[in-house]
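Feature annotation from TrEMBL assigns active site to Glu138. The Zn(2+) binding site annotation in TrEMBL covers His137, His141, His147. Positions annotated as domain 'Peptidase M12A' by TrEMBL: 44-238. Residues or ranges marked as domain 'MAM' by TrEMBL: 248-395. For 420-673, the entry in TrEMBL reads domain 'Peptidase S1'.
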Amino acid sequence: LLDDCVSARFLFAENIELHGRDAGLYEGDMRLTIDQALMIESGEVRGSIKTGKWPEAELAYEIDPSLSSQSRAMAVIQSAMREWEQKTYVRFKKRTTETAYVSFFKGSGCWSYVGRTGRKQQLSLASGCWYHGIVIHEIGHALGFYHEQSRPDRDQHVTILWENIREANKHNFKKYSTSIIDSHQTPYDYGSIMHYSSRAFSKNGKPTIAVANGATIGQRKGLSPIDAKQMSRRYFCQSGLEPMTLLGSTPSRGTGPSADHSGSGKYIYIETSHPRKANEKAIINFSGYSGGSACLAFYYHMYGDNVNQLNVYLGSSKVFAKAGNQGNEWKKAQVSINGGGNVLMQFGVTNFLRKNERMDFFETLQIVFEGIRGSGWQGDIAIDDFSLTVGSCEEGIPDPPGPTTPPPPGNCGLKPSVRIVGGTVAAQNSWPWQAMLRTTSGFPFCGGSLIAPQWVASAAHCVRGKSPSSLMIRLGAHRRIGRVGTEQDFKVVKIISHASYHNPVRYSYDIALIKLEKPANLNKAVGLVCVPDGNSPAMPIDNLSKKCWITGWGRLASGGATPEKLMQASVPLVSKSRKFHLAMFEVYLDCEIARCLKGYPNMIHDSMLCAGLDKGGVDACQGDSGGPLVCQYNGRWFLEGATSWGHGCAGPMKYGVYAKVRYVKSWIDQIMKSN
């Protein structure tokens with residue numbers, strides 16, 4: 001029950017500090033060798049000691065009959081080992097002939113030797129210690145961890161209340177200098193499994209450690225992300241091979257990229273040059289993929305005289321491989337995959353394949369990026385912008401079938417099929433809901449979409465300050481100026497802009513409805529677009545294999561000429577920021593990377609939708625203000641956006657911004673019903 005109850009768990013942790021520790025042990029639960037004691041006296045020991053490492057991060061162990069006969073103790077020991085294995089690269093193996101190993105036994109209290117002693121070393125777990133977090137804590141000592149509150153920067157984060165500490169235990173709260181403690185450049189960790197609780201060694205039941213910011217200390221629930229990161233750095237990062245995100249060039253000359261693939265962001269880089277340690281990995285965990293057909297897309301950079309090989313595996317199958325110098329440029333790769341179960345993406349560096357380590361530690365199927373180190377220092381490998389989207393990789397937009405018959409009157413979202421590519425002239429009448437806003441003298445200035453026989457949706461900024469009598473609507477048009485014979489012209493009787501336009505930020509709620517003098521005649525050239533609601537499919541945001549389309553008579557470039565005929569362009573939808581699970585050395589973090597917000601910081605509201613390519617090249621320059629952004633679901637087209645604003649024309653990271661139609665669907669319904 002204690003493991004399921006947070007309040008009881010912390011109460012129990014404090015009880016262990018009061019009663020379960022041995023005052024004769026170093027800091028209460030660590031047994032030292034003579035050499036370690038001398039090192040402490042001389043100031044040479046480090047908080048996470050550099051000596052006493054287990055070779056290849058593999059700890060050999062045995063379990064004494066005093067514990068192996070206890071089912072609860074065995075279950076807790078196994079679960080603690082499992083957490084260390086899942087969150088770090090430490091591995092446990094049952095002892096065979098090893099002379100250096102840990103012997104778990106039922107002793108007096110909870111204690112362990114610190115680090116590998118080179119011979120049999122005991123780890124005591126009395127019956128009061130048979131809890132998941134406590135066993136993790138003691139194993140941490142066996143792996144080489146001291147307590148978190150011994151760090152030199154401790155007093156910046158916690159206050160030791162000496163007046164409440166037992167006299168015989170005050171030495172346990174000693175703080176070490178930077179020459180002694182090595183925290184592997186990690187921040188102070190209130191949530192560390194290795195931190196004392198607030199009442200450790202209290203003589204009166206009052207706190208012995210005070211935390212100014214109210215953080216909880218002394219948790220025994222499990223490893224914190226920083227615990228896992230420290231352990232991974234302790235065993236694998238002394239060579240400087242830790243995977244990292246970089247902005248700019250890699251340290252070595254003549255190898256590696258000078259920036260990410262867009263020229264302005266960060267990328268993940270692992271220096272695979274020789275000599276380096278093996279098996280150091282960073283993991284990108286994409287949650288929520290349930291198998292089936294998917295497209296893995298990424299950029300890779302392999303430049304230098306000593307570049308070896310980059311492999312990508314799906315489970316045990318190699319799905320991508322590149323070897324040698326690929327030139328000083330980022331290259332994009334797309335791999336269609338098909339697999340069942342959840343998927344992890346893993347970027348690793350090895351100098352030899354160890355299948356059991358690379359793939360068998362997880363129950364889920366993995367996508368593994370593996371860089372094999374080269375023979376010299378000019379062998380850096382970098383990757384950038386990985387994505388995993390449902391559906392096979394797009395091989396270019398296929399030619400569609402020929403035109404269909406006209407949709408029946410009243411049906412929305414149906415149109416003749418035509419080939420859609422970025423920035424081309426649309427086939428005549430291929431977007432039957434396209435509307436043209438014109439002055440009474442016939443000058444076209446904005447676009448719109450026919451959402452009901454008598455209603456057009458457009459941008460609020462297009463009609464701001466305009467009266468119905470100053471505006472005309474043309475449907476069925478193909479040419480910007482002139483006629484093709486399918487046009488229908490209408491006077492306007494009402495213009496209704498959203499009441500929250502420009503509030504709370506500029507161009508938020510940039511949507512308006514325009515009521516025609518009479519209903520349109522629906523035919524092959526004039527039709528309705530569907531308006532999405534809560535029952536519509538989810539928008540394909542950040543899915544490069546599913547693009548949407550913009551249309552209009554807008555300028556072909558920033559400050560450029562206007563086209564004679566209706567233009568069309570395909571664009572992917574882009575999130576404000578992208579959330580995913582990121583783990584460096586299996587330290588799992590919830591991460592968020594700005595996408596549209598990167599180009600427009602603090603300017604994107606929930607009533608807005610972004611679309612375009614990261615590298616630029618296509619955006620609403622091919623559309624009109626107020627014109628449609630449509631996406632196809634189940635054979636029908638839905639109006640997801642009304643062209644609103646953007647900086648420049650199709651520049652890198654300068655996406656087109658649109659009013660998000662489904663965000664204001666209830667307002668649209670209310671306006672049409674009441675008018």
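Note that Cβ sites are derived from N, Cα and C of the backbone, with glycine treated the same way.
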Test of understanding: give the count of other CB atoms lying within 10 angstroms of the CB of His141 (Zn(2+) binding site).
23
What is the total of other Cβ atoms whose distance to the Cβ of His137 (Zn(2+) binding site) is within 10 Å?
29
Starting from the Cβ of Glu138 (active site), draw a 10 Å sphere and report how many other Cβ atoms land inside it.
26
CB neighbours of His147 (Zn(2+) binding site) within 10 A?
24
